[in-house]
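Participant: Mind having a look at this structure? Questions to follow.
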Amino acid sequence: MRASIFLSDIPVVLRNKNGTRAAKLRAIDFAERHGYIKGVVRDIIHDPGRGAPLARVSFRDPYRYKRKTETFVCAEGLYTGQFLYCGKKATLQVGNILPLGAMPEGTIICSVEEKTGDRGKLARASGNYATVISHNLETRKTRIKLPSGAKKIVSSSNRAMIGIIAGGGRMDKPLLKAGRAYYKYKAKKNCWPKVRGVAMNPVEHPHGGGNHQHIGKASTVRRDTSAGRKVGLIAARRTGRLRGSKQTTGKAEKE
């Protein structure tokens, strides 16, 4: 294809820093809606920007004589050469991708779609998983428990991968020294080292200044405050320690 000066004529392929495609589920098609499609894990690769490994899965194109490679966030227990099945009629096996409505209650899942066809948005960090709690056959909705403990109601046609995201326990071993933290965050965005506001001068941060390190004023600020002042607890509903059992709020929790 000969590209022109117009950007709309140039094919765009979303890739990460290491040259791999973005890790998503397959784009939903006729094969997944009414049956299943078989793929094979070709390789397990490292992504420098995340804690979980990625799996390169090769599928035979159902409409053309060619193969297509997809990149998934790897589930715990996947291995090279393993066959994966994606679709409504796939079996309940670790690594397979099914609609939530086809999974029994109590199934451990990951890479859950928040909206049908968005190719996976929830429970994608290393060691994370969600749980299928219940199904409502009348409204075609499924209630799931997220890694945070919150309950969420989503469509039963949303897809998810069976299993737990690989790389669990990655944060159990302490870094112990600044050199390891330096190389850890070097592959990520510029977020280390993080200087505390109370350690700065008053011209650099609203919490700075003073003869000793203290905020000196209420750390809770309004939602509509100016950009330079919006630090600390922004529009907090409450402050202080939660006494007693853990309290959770939200519409999904009330239901």
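Glycine is treated like the rest: Cβ placed from N, Cα and C.
Curation does not apply to TrEMBL; its annotations are automatic.
These came from TrEMBL, pasted as-is:
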- 15-86: domain 'Large ribosomal subunit protein uL2 RNA-binding' (DOMAIN)
- 92-227: domain 'Large ribosomal subunit protein uL2 C-terminal' (DOMAIN)
- 204-255: region 'Disordered' (REGION)
- 245-255: compositional bias 'Polar residues' (COMPBIAS)
Participant: For the domain 'Large ribosomal subunit protein uL2 C-terminal' (92-227), jot down how many residues DSSP puts in helix, in strand and in coil.
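Facilitator: Taking each residue of the domain 'Large ribosomal subunit protein uL2 C-terminal' (92-227) in turn, the totals are 15 helix, 32 strand, 89 coil.
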Participant: So, by DSSP, how many helix, strand and coil residues make up the domain 'Large ribosomal subunit protein uL2 RNA-binding' (15-86)?
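Facilitator: Helix/strand/coil tally for the domain 'Large ribosomal subunit protein uL2 RNA-binding' (15-86): 5 helix, 30 strand, 37 coil.
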